[in-house]
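Going by TrEMBL, these are the annotated features:
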SIGNAL    1-22  signal peptide
DOMAIN    46-301  domain 'Calcineurin-like phosphoesterase'
BINDING   Asp52, His54, Asp117, His300  Zn(2+) 1 binding site
BINDING   Asp117, Asn158, His257, His298  Zn(2+) 2 binding site
DOMAIN    313-452  domain 'Sphingomyelin phosphodiesterase C-terminal'
Amino acid sequence: MGRFPLLSLGGFLLMYPALLVAAPAEDVRLFVRDATRNGHLQLPGRFWHITDLHLDASYHLADDPTKVCLSSKGAPAANAGPYGDFLCDSPYSLIQSAFNHMNHMTPQADFIIWTGDSPPHVPAFELSTDLVIQAIGNMSETIRGHFPTLPVFPALGNHDYWPQDQMPGSANAIYQAVAKLWAPWLQDEALRTLGEGGFYSQLARPGLRVICLNTILYYGPDKATANDTDPAGQFLWLQGTLERAAQNLEKVFIIAHVPVGYLPFTRDVTAIRKRHNERLVYIFRKYSHVITGHFYGHTHRDSVMVLLDEEGKPVNSIFVSPAVTPIKSVSEPYSNNPAFRMAFYDAKDFSLLDIWQYYLNLTEANERRRADWRREYVMSEAFGLEDLRPQSLLQLALSFRLPQATSFDKYFSHFMVSYDERIRCRDACKLNQVCAMLHLDDRGYSKCLRGRSLQDSNVLL
Ligand SMILES: *[C@@H]1O[C@H](CO)[C@@H](O)[C@H](O)[C@H]1NC(C)=O
Ligand SMILES: *[C@@H]1O[C@H](CO)[C@@H](O)[C@H](O)[C@H]1NC(C)=O
Ligand SMILES: *[C@@H]1O[C@H](CO)[C@@H](O)[C@H](O)[C@H]1NC(C)=O
C-alpha cells in the first residue's frame, strides 16, 4: 500500500469507471497495482483459467454414503453436502456456484481458458463415446450460458475420450463432436485442426495467439499413439505455427490439459512420455522468445514451473491451475479445495503479471449450506514478487532453498488449495517439488536430484 500515489488511482478510475465501480476496495487496490506496475497507467489483460470440472451427474445426498456418487467407486462419501465431498467429483451445484461467483466479479475477464476433463472419474463401463460427448456438451453449454459474450479457448483432457486416455492421432467421433460444440468460440481453421487432431491455434486479441495442444497424444496411458514419433503431426504443426507467430511478431500462450515437465508430487515421473516431453521442451526453448506463458491443468493441484534454457537462464513462465473438482482417492493423503483463477498479463508484451487464486472451502460450504467463494491468495503479494515473469519465478524457486523458508510452506499449502495447512512437505517431498519447478528436461532434473541437498548449488543449474 502507498506505493502508488492517489493521483494514479483517481486517474485510473476516471479512465475505467464502469469496470471497477462494483469491485471491493481491496480488488481496486490490487488492480491499480497491476495496472501501474510499469510506472504508467495501463489496463492489464486478464483471463479466467478453469480446469478439471469433472461433472458427476450421479451425485446426490443419500442415506447410504457409498451411494452418493459413482466417482467414489463404492467408498463412503461420509462428508457429503450440497457442494460435494472430497471422495466425489463435482456435483452440478458446485460448478454452477463457481460460474456464478466468477460472473459477479469485477474486473471482468477478456476471455476464458478451459483446459478440459468434463466427465467423472468412473470405470469405463459406466461411460461411452456418447456419454463423454454429452458431458463435454453439458459443460460447454453451461459455460456459454454463464458467459454468453466471452471468448472461450477450450482444450481436450484425457477424460474427454472413451475409453479414457485413448485418443488417436486422427479424426474420430469425439474430435468431430467438439469441433461442432466449440464452433461458437473458434474460427474455421481452428475447427478444422480440432476435428482432425484435437488441437488448434487462434488469435485471442491482436498480437496474442493461443496455441492449444492435445497433449493426450503424448500421455503414457494412450496406447493408440505409443509408438508414434509425432502423433497427428502435432510437433510439426506446432513448430510451423510458432515460426509464423514469430514472423508476424505475435506472442503466444500455450494451453493444454496434461502439462509439460515433471510431476511435483512424485519422483522422476514426467506428466507425458519422457521422449515426447524432451521434444516439447526442445521446441519451447527454441521459441521461448515467442511464448510468454503456459497454462495447464490435469494434476488438480496448484503449481508453478520455470523453463530454463541450456545456460540456466529463465525463459518461460508455466502455471498449472488447480481443479474445480475436489476428488481424491481413498488412499491419497490429501486433496484440493475447489478452485479457479484469474491471470493478469501486460497488455503490451503479454508477459504474466499476476494470478488471483479463488477457492471454495468445501467443508465450510457444506456446513453452512452456502458457497462463499473467496480469494485464496494473490501470487505476487504472497511471495513478494514484482510480477510473474520467468526471472521472478526463478527468484521464487531460489527462495525455497533456505531450509527455514516459510515461503515454501505457503507454496505447499496453496498446492493443495488450503486443504490442510498442517500437512508439511520436507526433505524428499520438498526436493521433488523444487526440482520439478526448475527442471523440465531429463538432464537438468537428474542433476537436480543428484544434488540431493537443497543447499547444494547443483540443484539449480
Ligand atoms: C447438465 O447436467 C446437469 C446434471 O445432470 C443437469 O441438471 C443440467 O440440466 C445439464 N445442463 C445442460 C445444459 O445440459
Ligand atoms: C506398439 O509397439 C508395440 C511393441 O512393438 C506393439 O505391441 C503395439 O501393438 C504397437 N502399438 C500400436 C498402436 O501400433
Ligand atoms: C475451512 O473450513 C473449516 C470448517 O469451517 C475450517 O476448520 C478450516 O480452517 C477452513 N479452512 C480454511 C483454509 O480457512
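Cβ atoms here come from the backbone N, Cα and C positions, even for glycine.
Note that TrEMBL annotation is computational and uncurated.
What you see is a predicted model, and the numbers here were worked out from it, not measured in a lab.
Sequence features, as recorded in TrEMBL, placed on the structure.
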residue : record                : Cβ contacts under 8 Å, 6 or more apart
Asp52   : Zn(2+) 1 binding site : Thr115, Gly116, Asp117, Gly157, Gly297, His298, His300, Ala323, Val324, Thr325
His54   : Zn(2+) 1 binding site : Ser71, Asp89, Ser90, Asp117, Ser118, Pro119, Pro120, His121, His159, Ala323, Val324, Thr325, Ile327
Asn158  : Zn(2+) 2 binding site : Gly116, Asp117, Gln164, Asp165, Met167, Ile216, Tyr219, Pro221, Asp222, His257, Val258, His298
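Counted with DSSP, the domain 'Sphingomyelin phosphodiesterase C-terminal' (313-452) comes out as 52 helix, 27 strand, 61 coil. The number of other Cβ atoms within 10 Å of the Cβ belonging to His300 (Zn(2+) 1 binding site), over all protein chains shown, comes to 23. On the 0 to 100 pLDDT scale, the domain 'Calcineurin-like phosphoesterase' (46-301) averages 98 in this prediction.
DSSP classifies Asn158 (Zn(2+) 2 binding site) as coil under the three-state reduction. Same-chain residues that are not part of Asp117, Asn158, His257, His298 yet have a Cβ within 8 Å of the Cβ center of the Zn(2+) 2 site turn out to be Thr51, Asp52, Thr115, Gly116, Leu156, Gly157, His159, Asp160, Ile216, Val258, Gly297. A sphere of 10 angstroms centred on the C-beta of His257 (Zn(2+) 2 binding site) encloses 27 other C-beta atoms. Annotation for the binding-site residues Asp117, His298: lowest Cβ count within 10 Å of the residue's own Cβ, His298. Within 8 Å of the centroid defined by the CB atoms of Asp52, His54, Asp117, His300, the record's Zn(2+) 1 site, lie the Cβ atoms of Thr51, Leu53, Asp89, Gly116, Gly157, His159, Gly297, His298, Ala323, Val324, Thr325, Ile327, excluding the listed residues themselves.
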